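Asker: Residues or ranges marked as transmembrane segment by TrEMBL: A:12-34, A:76-101, A:113-133, A:139-156, A:187-208, A:245-266. Sequence annotations record features per position, and here TrEMBL assigns domain 'ABC transmembrane type-1' to A:74-263.
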Amino acid sequence: MNNLSSRFKGKRVIMICGSLLILFGLAGLLAPWISPHDPIRVNLAAKLSPPSWEYLLGTDQLGRDNLSRLLYGTRISLGFASLIFAASLGVGLLAGVVSGYSGGWLDAALMRLCDGIMSFPSMILVFGLIGILGPGLSQLVIALMLVQWVYFARMFRNMIVSLKERNFITAARISGSSPWQIMSRHLIPNILPSIVVIGTLEMGWAIMDISAMSFLGLGVQAPTPEWGAMLNEGKSFIRNHPELMLYPGLMIIMVVASFNLLGEALSERYGIKRGS
Amino acid sequence: MGVYIGKRVLAIIPIILFSSLLMFVMIRVGPVDPAEAYLAAAHIQPDDEVLAAKRHEFGLDQPLLTQYVQSLGRLLRLDFGHSYLSNMPVWGEVAQKLPATLQLASASIVLALVVSIPLGVLAAIYKNRLLDHVIRVFAYIGACVPVFWIGYLLMFFISVKLEWLPVEGRGSVQHLILPSITLALWLIAIYARLLRTTVLEELKEAYVRYARARGIKERVILYKYVLRIAIAPLITGLGINLGKLLTGAIIVEQVFSWPGFGRYFIEAIINRDIPVIQCYVMLSVCVIAGSNLIADLLQLFLDPRIARKGRASQG
């Protein structure tokens, strides 16, 4: 590879994106304590005010502090993306382990189900599910989880099938380790890098999808400060106050780009083919 | 080759069957009763008698298998029923909205090809030089930017500030420019990256060395041999990316008030208009499966090595 690309995708990217994401994570976690104002308290007297010491990034059409709303938006985006990640990891782990260990018809059926869901373009499936379940945040989380678990299931299943017969597993089995010990001491450490890579990329997708659906009014509903929903609320003020749309968009780009770059750099580092 | 084409055509059937089954199961398992959704959309106060009558009309009181077979039959006849909201046949309403979406999508695809092919080739020729870095940074950012955000940004600068183009709606060619640029940007980003990689890979192949040894001009090698093969993955890529293009179109239509199928679909979701939702999902599945097939066949034509290998390479 050429040197810029390897430098570009190397340690430095992991460091920069990782620390940026940790910063965002802290901002989200600490939002209730570090936000200067209540993100949903309406104050019409101060509506659409320019940046000042009181309101560092100004206020929106209802006089709510933009900075506080962005900070709470971090909490919502990262929080729900993590929830989707955890849920799809859990479901995928269960399905993959069952599939990989049992083999036979159950394995075949589960893997055909995964094929089916993967052959479906994921966002169309999310739209269809939201259409049937109805708009709303919990429905969106369920829909995104239902699309994403298959990548984990496929990964866990393939790894278990290929690792099951490897010598070190057989050695562990012969020396009397229980299935649980084999799982926790030998299998899980082997697949941890893949979980991190797929998870990082999925976090980026989930944040993008949550914001897109909320922008369309199908996910997080106003007045909750989610970036996509904020953009949706700010769009009527495009003429005179484009900053209402600018800020949330920049937040989405920074977080999604960090997750994508980090995921790619990690997958290069560990030599893992990406899921999807 | 004939066997390969036949196999590819037959492979579509399970995909469509699977998605229709999935839709059917989801509607039955989902929290919304179609009869109730209908009455709510039609502003009829639901009582037990009306509900039971509606359920009977929709065939909801019949065994599940009969219902599924019937819904498949209707699907084959392209009968998607009546919209709960307007009580008009869904297919008729969709046929009205579809041209706007097709216009937007095809304009974006053409734009994406026209812009990304030179960008990708330039990036490959000037590998690791300034131009390459600029194109790659652009491509990188383009893939992470939310479609709706870039749409409003373009609208703000070009329509509101500079007043060069209309803000929203559909009608003249000017109306088409911003929505199709918005929708194409993301595709350009993906394509430019993909093309750069394939051109660089192809340039390492033996036939390029041979052509160079024979003294064929670098430009001829690039445009006549390499590009022809490097474009093939773009076409398969289109089949794969069409799903994202369709959902992108939903968002772009919303941003620019473009009166297409995507906006109609969002309205349907908000109003729980189940026949319209079902129609959108099934149609997009068919379109995507169909275009994947066409993409594979086109690629076969562009790069005959694939048929000899006996498989379609993945983009």
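Placed from the backbone N, Cα and C atoms, the Cβ positions cover glycine too.
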Asker: Based on Cβ pairs under 8 Å, which of the stretches A:12-34, A:76-101, A:113-133, A:139-156 lies most in contact with the transmembrane segment (A:245-266)?
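Answerer: Stretch with the highest Cβ contact count: A:12-34.
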Asker: Sort out for me which stretch, of A:76-101, A:113-133, A:139-156, A:187-208, has the most Cβ pairs below 8 angstroms to the transmembrane segment (A:12-34).
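Answerer: Out of the listed stretches, A:76-101 contacts the transmembrane segment (A:12-34) most.
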Asker: Out of A:76-101, A:113-133, A:139-156, which stretch touches the transmembrane segment (A:187-208) the most, going by CB pairs under 8 Å?
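Answerer: Against the transmembrane segment (A:187-208), the leading stretch is A:76-101.
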Asker: Is the transmembrane segment (A:113-133) packed against any residues at least 6 beyond its ends, judged by a Cβ distance under 8 Å, and which are they?
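Answerer: Residues 95, 139-140, 142-144, 146-148, 150-151, 153-154, 209, 213, 218.
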Asker: Near the transmembrane segment (A:139-156), which residues from the same chain, at least 6 beyond its ends, have a CB less than 8 A from one of its CBs?
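Answerer: Here the qualifying positions are 80, 83-85, 87-89, 91-93, 95-97, 99-100, 110-111, 113-114, 117-118, 122, 125-126, 129-130, 133, 191, 194-195, 198, 202, 205-206, 209-210, 213-214, 218-220, 275-276.
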